[in-house]
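Asker: As listed in TrEMBL for this protein:
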type     : residues : note
REGION   : 27-53    : region 'Disordered'
COMPBIAS : 36-49    : compositional bias 'Low complexity'
DOMAIN   : 55-170   : domain 'C3HC-type'
DOMAIN   : 204-270  : domain 'NuBaID C-terminal'
REGION   : 326-350  : region 'Disordered'
COMPBIAS : 329-350  : compositional bias 'Basic and acidic residues'
Amino acid sequence: MAHESATTARIRKLLLAADDATRILSPRKTRTRSVDLPTTDSTQDTSDPWPIHDPFSRDDLARRLKTYATATFAFAPTNLNPVTAASQGWCYHAANNTLECELCHSMIMLGAPLEQSIDVESPITVKSRALLISEHLSDCPWRRQPCSTSVQELPALPPGQLLQAVQDRLVGFPVIPVDGIVDPEPPIPEKVLAQFPNHGAGAIHCALLNWTAVPLDNSTGATTNETPNVAVTLTCTFCSRRVGSWTLSKENPLDPRTAHKWYCPWSAHRVLARMCRLLAPTTNPTPPALDSLDADDPAVQLAARSSARTTMHKVRVLIARTSAPLTKRMSDDADQARECAKRQRVDKEG
């Protein structure tokens, strides 16, 4: 019995030692306890989220583009395009008139435009575009892949979402004088105006071109339509252009298209017509049924071939735009693999 007790005690001791060793070698699970700290200005985190390389984010592009709103130097088509610079990861610092990459923190010193040529392929323009790429660090992802061109253009919204977006922009819009807004040419169709019965043609014209109404006292962050006569600031959320509603009059009318900054896509000539077509498509006569068409008619055959070619062209363009980033990434991976294999051969030979 004494021998069994000694053996049992020895086995128990070995098991305890094994259990201790298991606990030491296994990952430890830490138990955390939440503590409510007093909220003060020193403990609040007001910094911006950590920037990442997202070439397909329109919100990230707009965030960087807002840094160019207070630019102290003259952006011109012969110098630097803010959209091009922001699409390659550059933010603008007005204090020292520089561009800084938000990822690799490289800097570009800016100066006044050196020429007044209207040629967009002038030497200063070509050099400026080259600097936007070459000044990044070698491992910076913005050096290899800037923002997609689809992000730099206007979003393609279906009619339902576009209608809701225009209604959201009209919230808080003031009563603008009839002569305070330049009439578009051609005018906005009545079918479009009828979808916003509580607003005038001038306000609808502004909302269709991305203008929103921001109250002067925006401390609460709320915009209501209860007091439409209050003075507000009309703002474009893309180019950050601001216009005071109190400045609009017959002597000083606002052109919602040309009031945008020159690089803003909302300043294009055909944007308003495109928005109107989406909200109120033109009613074309009903096309004839396919069964009623004569398949042997040369005109029908020509129209069918033309439609097929157009469809195939659109499919090819869509495939090319979709596969371009993946193709570029695969090419970069192949280059890295070849470089790694080359280094391994050099190491073996050495």
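We count from 1, first residue shown onward.
Keep in mind that glycine also has a Cβ here, set from the backbone N, Cα and C atoms.
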Asker: Sort the residues of the region 'Disordered' (326-350) into helix, strand and coil with DSSP and give the three counts.
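Answerer: For that range the per-state counts are 24 helix, 0 strand, 1 coil.
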Asker: Within the domain 'C3HC-type' (55-170), count helix residues (DSSP H, G, I), strand residues (E, B) and coil residues, in that order.
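Answerer: The breakdown for the domain 'C3HC-type' (55-170) reads 49 helix, 11 strand, 56 coil.
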